[in-house]
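*Asks:* There's a structure below that I have some questions on.
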């Protein structure tokens with residue numbers, strides 16, 4: 001049990017240390033150390049899961065395990081990348097960055113292990129707040145604007161979610177039950193909560209967490225934040241934060257499935273998911289800023305997951321698998337495109353050409369990750385996307401399948417027309433000279449992730465499949 | 001007692017309109033502060049006495065009534081802007097919309113049953129109305145400060161609802177509301193300072209360089 | 001066995017005579033005495049004794065062209081029945097081979113022309129292949145019609161199957177088809193109205209212009225090959241046009257020869273009464289022929 | 001262990017596949033240089049030396065073996081199966097792949113191209129291996145993965161010269177097209193899974209579906225596999241891709257990869273017990289249209305490799321037509337038709353995988369010699385590259401379907417099928433014959449032009465004038481293919497015995513059909529006579545020329561005394577006449593600058609055939625969509641208070657939806 005608390009406190013401790021260390025270079029080293037410890041702890045906790053805390057507020061259930069695993073791996077990679085990255089940005093003071101990263105890690109951990117919706121909500125709020133200074137890392141007009149929009153929209157969203165929680169709690173009061181926000185209890189009593197309040201609660205929670213997750217049309221902050229934040233922050237936003245918000249949504253989903261109105265909730269999810277994919281398709285066409293393009297790709301994949309959740313049954317496995325794949329692949333995309341951004345000092349396709357020549361490794365990684373994220377074998381996302389499509393067919397939900405495939409095709413065209421010019425071709429001659437070269441510290445982290453993505457496409461370890469099935473079981477209303 | 005509570009809630013609603021109707025930022029800040037004080041008093045009326053209650057009342061009055069308004073007023077002075085010029089939604093329209101939203105809130109509320117002990121109280125409609133007025137300000141005003149004010153209104157609305165749960169699940173509610181407020185507004189305050197440094201104005205319509213063209 | 005020998009002898013010996021007859025007919029129309037019937041044989045003999053001039057632009061293709069063309073035409077000669085007799089080689093689908101051997105010959109004639117690098121010969125080659133790709137479907141339409149009528153896929157039974165009864169049955173169709181075949185015959189052998197074998201205005205020509213640079217024996221081969229081609233397609237035409245079988249083998253041979261001579265007279269008449277078409281009219285005439293044969297098929301199928 | 005492995009040929013084949021996949025890896029690890037590439041070619045040759053005998057023995061024996069195994073993916077068990085259909089399609093792979101990698105030694109040597117060489121070699125091996133896996137895979141997901149790996153390695157093989165915008169464009173179109181095609185396969189396999197309940201392929205002839213599902217399966221397969229096979233109108237990606245890839249890659253793409261589409265189609269068709277008649281009709285019509293349009297567009301091309309690419313569309317069209325014919329035969333209970341159709345199609349498929357690589361290799365060595373693909377800049381190469389010229393002549397004659405080469409033998413079967421139907425109660429299939437004839441005629445135009453303009457006459461440019469013959473490493477593979485082409489023409493029986501065992505899997509009736517309706521000896525006879533006569537005659541002529549006074553001089557200029565190569569007939573002008581006939585279907589853009597003014601500058605007339613479907617229809621349509629999207633994108637306008645309105649509206653809308 002105490003292990004879990006160490007687990008949450010460790011990053012905070014790291015943050016404290018980072019605050020104390022005066023020197024930029026050494027401070028950066030705190031990140032990988034903490035990350036490594038955290039990863040190790042994660043693995044141990046996965047192997048032997050501690051029992052739920054006596055008050056049942058804290059428990060690491062399969063869903064939590066999944067998101068924890070992704071986040072821990074992603075953070076580990078990003079932390080190692082950060083060392084090399086911060087070396088490039090020596091002039092910038094990185095105290096705030098390191099501290100927020102670590103606090104965010106602890107918050108993410110808390111999200112994963114919280115079984116009490118209130119606690120979950122607080123942790124989520126923490127992640128939101130700690131990300132703000134990270135987005136503002138570059139300290140210019142554009143980044144402040146991005147931060148402002150991120151902060152305002154996400155705070156509004158999170159506030160709405162809070163109200164949703166209150167509704168949920170109140171519905172228990174109205175249903176003459178002892179008030180609680182404990183997940184387990186809610187799932188048990190979900191069926192006999194008061195319908196009207198429960199409805200309202202689900203909608204508010206969906207909108208609240210949805211805006212944090214970036215479901216269209218609540219995604220408006222994403223392109224700005226992802227576009228202006230440094231690559232590694234983008235990776236954590238698209239991988240880590242999305243997963244946290246998604247986990248929160250999944251908790252609601254569990255309750256909804258246990259209650260009588262699973263269909264309606266799934267309908268809504270399906271609709272918003274398809275809408276998100278449509279938005280992504282529209283905005284990715286001829287996107288001239290490849291970081292913003294990645295933001296929309298993130299919207300798309302959140303949409304895919306939502307669609308899968310909406311389909312339910314067999315698709316749930318795909319949804320969870322896609323959560324993992326998306327997180328890892330997005331990591332590769334953001335880190336490699338961060339490198340390219342450094343190398344060209346621009347993220348517009350007008351100036352960035354021939355990355356394969358200028359930065360061979362990052363260029364290749366970017367290309368490979370693009371192919372992966374668009375669901376081409378032999379990479380992981382293919383497995384999850386194909387699972388989702390085929391289960392849509394099994395449910396004979398042809399319209400969904402057709403739209404799904406249509407949007408995927410459109411998105412592929414859009415992304416290809418942006419990525420291929422960036423990666424291929426001649427390096428422009430009037431390129432401003434930047435010191436950046438592909439070196440081990442900035443290349444191996446995404447490389448490792450890419451290897452993972454490839455592995456997931458060729459071979460899903462038994463244990464992982466087991467975990468996914470358990471988690472899917474939870475979503476199907478199992479306990 | 002409950003009658004008094006209801007009257008205070010009505011006062012909250014009026015304050016919403018005050019915020020909606022004014023162009024002077026300083027005034028709307030004061031209105032929100034006053035609303036915060038009122039909210040601070042409310043729990044004392046609806047719940048039986050307890051030290052925990054005292055703590056809440058004190059904390060809320062302090063934060064909502066004093067700390068945050070001061071923070072914002074500072075920002076206003078630093079950026080020296082008194083008024084919200086050409087808002088996205090004019091003052092008269094926003095008053096009208098406010099009225100409509102309030103009415104909607106009452107309709108919604110009538111659809112939703114209350115727990116017996118809260119029968120006949122205005123908490124739900126008041127909170128929904130305040131929430132929506134907050135939204136209205138967020139949607140209708142361009143200046144960062146006005147938007148913070150709108151956010152505060154929303155918070156107040158949520159808090160009003162929270163009061164219904166205050167005794168059922170004590171810690172949770174205040175923790176949520178206060179943390180939200182503190183963090184949200186505090187960080188926003190910081191950001192606002194940065195904005196005013198970057199743009200030498202708090203007009204968020206200037207903050208629209210990031211877009212698709 | 002004896003028939004096969006006769007077949008080979010006639011196929012090898014007769015073709016130049018046809019040219020002679022055509023020439024004589026034209027002369028008669030022009031009111032001249034004209035060259036003797038055997039003139040083409042003299043020409044060939046002379047050509048095989050003449051020396052050669054070979055352009056230094058050319059490669060072995062230039063010299064291989066005439067040989068391969070002639071070889072292909074000779075092979076085709078073994079496939080088509082003459083008169084009411086069986087061809088030396090006859091199997092299901094030999095009609096496809098028959099057509100494709102001509103295509104092979106054309107292929108080599110044209111590349112031999114291109115080998116000289118002369119713009120005129122290139123032009124001729126382009127025209128040859130372009131018009132041929134319109135003429136071939138016509139031929140095949142005719143062949144389908146015949147297949148339909150005879151129910152076999154081999155030239156010999158197919159052509160020998162036709163007799164008066166068939167004619168009485170499907171006369172209209174056969175007449176349409178004959179018209180089409182005649183056009184193909186003229187086009188494939190580059191006679192007037194498609195081409196003029198004995199003008200020397202290079203720009204106006206198709207076949208002749210391709211062989212401008214060949215001389216001596218090579219030109220001889222080409223000339224002989226052309227005559228042979230005329231003979232073979234003529235044989236196809238005559239076999240359809242004369243559906244008689246007298247019973248006695250000898251009589252059949254005579255009928256056939258008479259038919260061939262008549263055909264060459266007809267060609268001569270056409271050449272004397274008609275003028276060469278303008279080049280842009282040529283495809284139109286070919287398409288017309290195509291439509292005729294297509295109609296004949298429709299009539300038969302109906 | 002090892003000897004047991006040797007006893008099971010199918011394991012040997014698997015080993016060969018593995019070998020092929022890994023053939024490029026040493027090249028990546030070793031420092032750039034010849035060694036890696038040499039090793040790769042060695043491995044490639046070894047692989048096919050292992051595979052081909054095993055394949056053929058299995059095929060002739062008609063044995064089938066399957067390996068079901070669990071893999072680490074959540075799609076249930078998967079299966080590899082060696083049945084005749086798979087084995088037949090493995091033959092071209094293991095034939096062209098080693099030849100191609102030998103060819104690469106001379107054409108794309110690592111030494112002179114260190115940056116691209118190793119990766120090219122690697123993906124070359126990967127492509128071949130993945131194609132083999134496509135053919136062997138017997139479950140949806142496995143086939144999909146192999147398929148996409150194949151498509152992607154094809155994409156990477158297009159990239160070596162990605163500095164040129166043309167190559168980039170080609171690669172992009174290729175990638176998008178193949179991805180969209182894969183969407184079709186998603187549908188196909190998901191639907192099959194829904195029907196059968198498992199991702200494993202159903203047994204041959206076991207599937208009997210209601211109309212709707214069957215139609216979905218068929219159309220999905222047609223889109224998914226047809227787009228890879230380049231059937232019109234799904235061919236748009238093909239010409240540019242095959243023209244811009246390095247030639248040995250084009251050889252593999254065009255000679256083998258296109259066939260994967262046909263394989264997929266046949267595989268899916270083989271699932272069904274009986275199929276609606278309209279399936280066969282659709283495939284037949286699609287095939288004939290592709291053949292006709294493909295070759296018609298080829299005839300007006302001026303780019304050596306583009307011409308070849310379009311002729312691939314033609315040949316694949318012929319193959320599809322044969323398949324359609326076979327299906328019709330099967331459904332109308334006409335074994336003869338079924339036999340001729342399928343046997344002809346598969347035979348032609350084998351042939352095309354011989355002469356098309358041959359021609360692409362020739363294109364490669366021409367490119368190698370002159371550095372251009374533009375026919376109008378070539379000419380007279382026959383003197384500089386005599387061997388290449390001879391081999392291209394073989395290829396050209398074969399691909400025109402002229403005797404005595406293999407192209408004729410296979411087209412002959414198709415002709416026979418169509419002609420035979422002329423006797424049937426409903427003879428409209430007979431109309432296929434004139435179409436085939438027309439196709440043959442146009443093919444003759446295209447390849448007379450290709451060969452004549454390239455290798456004959458006088459050089460039209462400096463580059464052509466100083467061309468040089470290709471090294472032996474490039475000539476040897478071409479020679480092998482050329483000999484095989486002749487072999488196929490003289491004794492088709494060899495090829496037909498390979499095809500025979502496959503027939504039963506797709507159209508059982510055909511298998512029942514006893515033998516051919518004619519003796520294949522005639523081919524040997526006719527071909528032999530033809531060859532003997534031709535050689536004899538040319539020998540005679542040569543003798544005559546020796547005894548007679550022979551002299552050389554300039555080409556007769558028809559009275560014009562100073563002809564120059566610039567006055568030669570060019571490829572463009574050669575195709576122009578036909579272009580004027582077919583202007584209805586084949587669009588060409590001509591640009592002329594007439595001389596004007598007192599002192600006129602240089603006049604010029606340019607001429608560019610265009611890919612009508614792509615340039616006139618699809619790209620404009622995409623452009624319109626893009627414009628529409630630009631308006632939609634206005635919603636992301638950067639005004640934060642409006643973003644909040646979105647949230648509010650969503651909230652209200654959902655609340656109302658709930659009510």
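Note: Cβ is positioned from N, Cα and C throughout, glycine not excepted.
TrEMBL annotations: computationally assigned, not manually curated.
Quick paste from TrEMBL:
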| type | residues | note |
| --- | --- | --- |
| DOMAIN | D:142-414 | domain 'NADH:quinone oxidoreductase/Mrp antiporter transmembrane' |
| TRANSMEM | D:12-30 | transmembrane segment |
| TRANSMEM | D:85-108 | transmembrane segment |
| TRANSMEM | D:120-136 | transmembrane segment |
| TRANSMEM | D:142-159 | transmembrane segment |
| TRANSMEM | D:209-227 | transmembrane segment |
| TRANSMEM | D:248-266 | transmembrane segment |
| TRANSMEM | D:307-328 | transmembrane segment |
| TRANSMEM | D:388-408 | transmembrane segment |
| TRANSMEM | D:428-451 | transmembrane segment |
| TRANSMEM | D:472-499 | transmembrane segment |
| TRANSMEM | D:519-541 | transmembrane segment |
| TRANSMEM | D:640-658 | transmembrane segment |
*Asks:* Tell me if the transmembrane segment (D:209-227) touches the transmembrane segment (D:12-30). I count contact as 3 or more CB pairs below 8 A, with pairs 6 or more residues apart.
*Replies:* no
*Asks:* Who are the chain neighbours of the transmembrane segment (D:120-136) in space, where the CB to CB distance is under 8 Å and they lie at least 6 residues beyond its ends?
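*Replies:* Sequence-distant neighbours of the transmembrane segment (D:120-136): 13-14, 16-18, 20-25, 27-28, 36-37, 40, 43-44, 80-82, 86, 89-90, 93-94, 97, 100-101, 104, 108, 110, 113, 142-143, 146-147, 149-150, 153-154, 156-157, 160, 246, 248-249, 252, 256-257, 260, 263-264.
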*Asks:* Would you kindly list the residues that approach the transmembrane segment (D:142-159) from elsewhere in its chain, counting only those six or more residues past its ends and only Cβ-Cβ distances under 8 Å?
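*Replies:* Those are 71, 78-80, 116, 119-120, 123-124, 126-127, 130-131, 133-134, 167, 170-171, 174-175, 178-179, 182, 185-186, 189, 228, 241, 244-246, 249, 252-253, 257, 260, 264, in sequence order.
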*Asks:* Which stretch, D:85-108, D:428-451, D:472-499, tops the Cβ pairs under 8 Å count with the transmembrane segment (D:388-408)?
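*Replies:* Between the candidates D:85-108, D:428-451, D:472-499, the best contact partner of the transmembrane segment (D:388-408) is D:472-499.
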*Asks:* When you scan the chain for residues with a C-beta under 8 Å from the transmembrane segment (D:209-227), skipping those not six or more beyond its ends, what do you find?
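*Replies:* The answer is 177-178, 180-185, 187-188, 191-192, 194-195, 234, 237, 260-265, 268-269, 272, 275-276, 279, 282-283, 286.
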*Asks:* Cβ under 8 Å to the transmembrane segment (D:428-451), counting only same-chain residues 6 or more beyond its ends: which ones?
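*Replies:* Beyond its ends, the transmembrane segment (D:428-451) has Cβ neighbours at 284, 288, 291-292, 295-296, 298-299, 301, 304, 307-308, 311, 314, 318, 321, 325, 328, 337, 375, 392-393, 396-397, 399-402, 411, 414-415, 417-419, 421-422, 571, 574-575, 578.
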*Asks:* Residues sitting near the transmembrane segment (D:519-541): Cβ under 8 Å, six or more positions beyond its termini, same chain?
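*Replies:* Hits for the transmembrane segment (D:519-541): 403-404, 409, 489-493, 496.
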